[in-house]
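Feature annotations, reproduced from TrEMBL:
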{"type": "BINDING", "residues": "48-53, 74-75, 111-112, 139-140, Lys244, 270-272", "note": "NAD(+) binding site"}
{"type": "BINDING", "residues": "Tyr225", "note": "substrate binding site"}
{"type": "DOMAIN", "residues": "2-79", "note": "domain 'Trans-2-enoyl-CoA reductase-like NAD(P)H binding'"}
{"type": "DOMAIN", "residues": "320-382", "note": "domain 'Enoyl reductase FAD binding'"}
{"type": "SITE", "residues": "Glu75", "note": "site 'Plays an important role in discriminating NADH against NADPH'"}
Amino acid sequence: MIIQPKVRGFICTNAHPQGCAANVREQIAYIQSQPAIEKGPKRVLVVGASTGYGLASRITAAFACGAKTLGVFFEKPPTDKRTASAGYYNAAAFEAEAHRAGLYARSINGDAFSDSVKAQAIETIKEDLGQVDLVVYSLASPRRTDPKTGTLYSSVLKPIGKSYTAKNLNTDKLEISDITVEPASEEEITSTVKVMGGEDWELWMQALGDAGVLAENCKTVAYTYIGDKLTWPIYGHATIGKAKEDLDRAARAISTSGRAAANVAVLKALVTQSSSAIPVMPLYISLIYKVMKEEGTHEGCIEQLYRLFTEGLYTDTPRLDGHNRLRMDDRELRRETQAKIEKLWPAVTAENLFDLTDFKGYQEDFLKLFGFGVEGIDYNADTEPQVEAEFRA
Ligand code: NAD
C-alpha cells in the first residue's frame, strides 16, 4: 500500500514502517557517537518502551551500556489493510537492530497495568535474564483498568480549583485562539492520579521484588514534567501535575521498601504522541524549540536520556532537587530561556506563527513520530505494512 500521513486533530492514525525504522536507527547512531557508559546497567526492563522517552531509554540502555533489554508496550499490530501503530514498528526495528548487534532484546505487547503482563515479564526475566538492575517506568496512557477491582479510570487534562483560559494553537487548522478549560471535579482528579500516578509503578516493583527478580543494587526511575509559569495552570498545578506528585510518594515508598533505589526524573517538554494531546503544550513546545535551538541547547528524547544515564542515574554526583528528583530539565528552565518565551508568548499570532516560533520544527517532529518526513524514504512507493516481529502478547 501507499502509506502517507493521515492526521486527525492531534493524532496521526497510521505510521510508516521504514520511516519508523530509520528514526530508531538515527537514535542508535546518536548513542553510538557518544562515549559508552561503563558503569551502566546490564539487564533492563522498560515499561512503555516503544515510543518517546521509553524508547530512548531502551536504546540508551542497549547501545550505550550493552544491556539486555525487555520492553513492555501496548501497540497495534498491522493488518493487510492498516498499518501498525508507530510504536509497533519502532519496537520491531529496535529488536532487529539489537539482535544484529548481538544484544538480547525481547518485548511484550500488552496492557502493562494488568497482572498478567506483569506475570509475563517476571517469567521472561526468570527464563532469560535472572534479574534486572534497572526498571524504567515510562507509561503515558489516557486510561487504566485497576487490576484488583476491574474499575476503568480515565485521566483528564484540566486545571484544579478554577477554570483556565489561555492561548492555544490548533495544530490542524493553524488557528490561534483562547481556550477555556473548566476545572476538574474531585472524581476527575482522583481518576487522573489512578491512571498517571505512582500506584502502578509501585505494583510493578512489588511484583518484581516478590518474585525475586530485582538485583541487589537495582534502580528504578519514572518520568515527570514540571515546567514553569506558562504551563503550570494546565500541567504542573493541574490534574496531571497532581498525578505526577504521586510519583514522588511512590518513589519514597519503593526506596523505603528496600526493593530498589527509586527516583523520579524530570525531563524536558518535547513532541511525543502524549504531549501533543495536551492543550497549550504545542504552542509552548514550538516556542521552546525556537529559543533553545537559537541558544544551542535543544535536545530530543535521545539526548535527554543519554544525559539522564550519565548525569543522573550512573554518576556519583547526580543533579538532585530537594525532592530527590533527577533534573534533566535544567536547560529548559534556565531563567533567561523562560524569560524569552514569556516575552514572545503574547506576541504570537496565526500570521507570525512560523516567524516567532519553531512550529515548522514542531510539525516535522510530530510527523516524524509516525515515520513520516524522514529523509531517504519514498512515500510514493508501494509499501508492505507487515513487518517481522515476535512480541509476546
Ligand atoms: P509516549 O506516548 O511517547 O509513550 C508512551 C508509552 O507507553 C508507549 O510505549 C506506549 O506503548 C506505552 N503504553 C501506553 N499505555 C500502555 C499500557 N496500557 N500498557 C503498556 N504500555 C502502554 O509518551 P512520552 O511522552 O514518552 O511519555 C513517557 C513518560 O514521560 C510519561 O510519564 C510522561 O509524562 C513523561 N514525560 C513526557 C514529557 C514530554 O514532553 N513528552 C516530558 C517529561 C516527562
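From the backbone N, Cα and C atoms, a Cβ is placed for every residue, glycine too.
The 6 Å Cβ screen around ligand 1 retains Ser50 from the binding-site residues Ser50, Lys244, Val271, ordered by sequence position. Ranking the binding-site residues Phe74, Leu139, Lys244, Val271 by how many other Cβ atoms lie within 10 angstroms of each Cβ puts Phe74 at the bottom. Of the listed recorded positions Glu75, Asp111, the Cβ environment within 10 Å is emptiest of other Cβ atoms at Asp111. DSSP assigns Lys244 (NAD(+) binding site) to a helix. DSSP places the residues of the domain 'Trans-2-enoyl-CoA reductase-like NAD(P)H binding' (2-79) in helix, strand and coil in these numbers: 30 helix, 16 strand, 32 coil. You'll find the Cα of Glu75 (site 'Plays an important role in discriminating NADH against NADPH') roughly 10 Å from the Cα of Gly48 (NAD(+) binding site).
Across the fold, the C-alpha of Tyr225 (substrate binding site) and the C-alpha of Lys244 (NAD(+) binding site) stand 8 Å from each other. Other Cβ atoms within 10 Å of the Cβ of the residue listed as 'substrate binding site' number 21 in total over all chains.
Mapped onto three states, the DSSP output places Val271 (NAD(+) binding site) in coil. With a cut-off of 8 Å between CB atoms and residues at least 6 apart in sequence, the same chain places Ser138, Ala140, Leu270, Thr272, Gln273, Ser274, Cys301 near Gly52 (NAD(+) binding site), listed in sequence order.
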